[in-house]
Amino acid sequence: MINAQTLKGFRDFLPGDAIKRQFVVGKIKETFERFGFDPLETPALEYAETLLGKYGDEADKLLYLFEDNGKRKVGMRYDQTVPLSRVVAQYPEIPKPFKRYQIQPVWRAENTQKGRFREFLQCDIDTIGTDSPLADAEIIDCTLASCKSLGITGLTMLVNDRTLFDALKLTKKEIISIDKLAKIGKDAVFKELPRPELFDQLRQAKPTERLWKIFETLKRMGYREEVDFRFDPTLARGLDYYTSTIFELKTDAYPAGSLAGGGRYDKLIGQFSGTSQAAVGIAFGFDRIIEALTEMKLLPQTSTATSVLVTIFSSELVGAGLTITSALRSGGINTDIYMDENVKLDKQLKYADRKGIPYVIIQGPDEAARNVVKLKNMQTKEQEELTVDNVIAKLQAN
């Protein structure tokens with residue numbers, strides 16, 4: 001017998017969880033498109049050479065790399081920024097600025113721990129082809145708007161400029177240590193830094209001219225400094241490809257970590273095309289957003305996409321049940337019909353209850369003769385006689 005289990009770090013999402021995830025994706029997509037971002041999809045597999053060298057010295061430990069049947073060295077998508085850079089280089093005819101969003105799974109071959117998985121959904125927005133601070137500000141604006149559309153409160157975007165690290169001549173190791181500040185605390189970072197005075201120098205740093213322009217743009221958009229966004233000179237972001245602006249989204253409602261993070265990466269695309277192109281973007285931590293929404297009780301409390309179950313009273317009324325089902329579906333109502341006419345009505349009702357279907361339609365011979373149905377509310381147990389047209393109107397209004 002085959003052992004039925006998932007790989008470590010991978011998950012199934014049963015209908016109740018999948019519905020919640022689709023709800024969040026739908027809200028985020030609506031906001032992305034309202035801001036003028038278009039969808040993009042890229043393959044799960046890329047050539048290994050496309051992926052290697054873009055994520056720092058430990059890339060081979062982070063990526064799923066293997067040889068395919070054609071002896072080609074390939075790897076699974078680690079994030080969506082590198083595939084985007086490859087797309088921009090491969091299709092130079094794309095109009096610029098190119099504003100795209102991408103919502104697809106990514107894979108990371110790292111050790112699993114609480115809240116971290118080897119396969120997870122990533123939601124990105126990026127603007128390619130302009131180095132205007134307005135593009136940076138719009139990414140921040142769209143990110144805040146996306147999370148607000150989900151009902152998340154207490155949002156603050158932390159913003160920094162990696163050129164501050166260049167001015168202080170920080171090494172890669174020192175930047176990595178500073179990046180751990182939120183996770184391990186100030187004292188632990190002090191122990192790792194060969195020059196502890198760097199921390200104080202960073203604390204005293206002032207925003208760069210670019211950051212001032214971004215902040216002024218955000219203020220004109222109606223955002224409040226120190227509330228909706230804040231300069232944080234200790235914000236580092238770990239990936240090597242960031243060139244200036246970097247940002248992370250925090251919320252008081254979920255202190256465990258950031259909800260989104262990104263920045264400007266003006267040199268990455270040039271590694272594919274030979275010509276640098278300005279680029280800025282952000283990736284949403286989808287699982288963290290789900291956790292935050294769960295804690296705030298903002299997710300739909302349903303375990304099924306079905307609005308109503310049409311029961312089958314008897315084999316003689318199967319045709320009537322199918323007619324009712326077709327009418328409801330044509331009216332835009334998510335409708336299921338019980339698949340066995342030999343099962344007693346009581347068992348059909350228990351099935352609807354177990355699935356969490358909110359309404360049930362019952363039509364016996366008496367109701368069929370009068371061209372009506374009984375609509376039963378499975379939560380209140382109340383039922384009323386209605387025509388099918390009235391059922392459709394009632395459920396459409398819910």
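Here the Cβ of each residue, glycine as well, is placed from N, Cα and C on the backbone.
Summarising the annotation, TrEMBL assigns domain 'Aminoacyl-transfer RNA synthetases class-II family profile' to 28-295.
Within 10 Å of the C-beta of T81 (L-histidine binding site) there are 24 other C-beta atoms, taking all protein chains into account. What TrEMBL lists as L-histidine binding site is D79, Q80, T81, R108, Q122, D126, R237, Y241, Y242.
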| If you count Cβ atoms within 10 Å of the Cβ of Q122 (L-histidine binding site), leaving out that atom itself, what do you get? | 19
| Mean pLDDT over the domain 'Aminoacyl-transfer RNA synthetases class-II family profile' (28-295): what is the value? | 89
